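Undergrad: My questions will all concern the structure given below.
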Amino acid sequence: YKPSVSPEMDIMEYCAKEWRGNTPVAKRMRKGYEAVAQKFASIRRIRGDNYCAFRATLFQALSQATQLPRWLQSEDFTMLPENLLSKYDWIKQWQLKQKPGKKMGEISDEIKEYLILLRKKWKNISEIKSPTEKQEACDKLFKNEDEEYSLYEALKFLMLNTAIELYNADKNGRRVPVFSWLLFARDTSSNPCQLMHNHLNHVGHSGGLEQVEMFLLAYALQYTIQVYRLYKYSTDEFITLYPNDPEEDWPVVTLITEDDRHYNIPVRMCQETML
């Protein structure tokens, strides 16, 4: 069993190990890592198994959580599976990683359990005052494979719910963020049902999150996801925000990617950056 989140390592040591050559790509990556090292001292590798965007984002969010987000506090949060199923029969085709072939009609209770687990873990970790203990609690959670994958199922379901809300808002003439048009402009996801069938059901199995789905994840969590995209170093896309017009009160998590497919996390903000 590979650890989900590897121990921290000095960013420039990691870079020197990974990018030795003198190709233009290696030079660009080294420049990118140098820029990240201005802000963060260390990097933690995230296990790559098509869930790495979820794993990196959730790990960062929990590591710095000091309170339960508003959307996790709402009374009807755990009723989501029942509420959605009562309106959209096609959600019965939802696929669970642990239970391929089991239909949503039978698994709405399980998704409810995953949502309850997400709320419980977030609450417990956010109440830990000591940074060291908080970090230990996160490390422990991300060593428990069953719980970890249950949390990703919860996140995927929240993304579906957010997509349905945005789709309906647009149909009813309300303003929606630009990424929502892009999400539903794809041939493979012109509505939430197709998004589920062709994309969300495959995340973690045969593919990770595409860029437009990173926006959806950010909206579902009400977090700004800031990504250092190293291969875009020296362009204005080097640091990309999802969403690019975030709400001011959304907390920010930071990830690093070399290719928009695999994500690692920078940790230990340099002192001068924090001031």
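Glycine is treated like the rest: Cβ placed from N, Cα and C.
According to TrEMBL, the protein has these features:
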type	residues	note
ACT_SITE	D49	active site
ACT_SITE	C52	active site, nucleophile
ACT_SITE	H262	active site
SITE	E237	site 'Linear diubiquitin binding'
Undergrad: Closest to H262 (active site): which of the recorded positions D49, C52, E237, going by Cα position?
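TA: Closest recorded candidate to H262 (active site) by Cα: C52.
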Undergrad: Using a 10 Å radius around its CB, how many other CB atoms surround the residue listed as 'active site, nucleophile'?
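TA: A 10 Å sphere around the Cβ of the residue listed as 'active site, nucleophile' contains 23 other Cβ atoms.
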Undergrad: Return the count of C-beta atoms lying within 10 angstroms of the C-beta of D49 (active site), excluding that atom itself.
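TA: Taking every protein chain into account, the count is 14.
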Undergrad: Provide the number of Cβ atoms within 10 Å of the Cβ of E237 (site 'Linear diubiquitin binding'), excluding the reference atom itself.
TA: 11
Undergrad: So for H262 (active site), how many other CB atoms are inside 10 Å of its CB?
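TA: Cβ-Cβ neighbours of H262 (active site) within 10 Å number 18.
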Undergrad: Given the residue listed as 'active site, nucleophile' and E237 (site 'Linear diubiquitin binding'), what distance in Å do their CA atoms have, once rounded to a whole number?
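TA: Given the Cα positions, the residue listed as 'active site, nucleophile' is 21 Å from E237 (site 'Linear diubiquitin binding').
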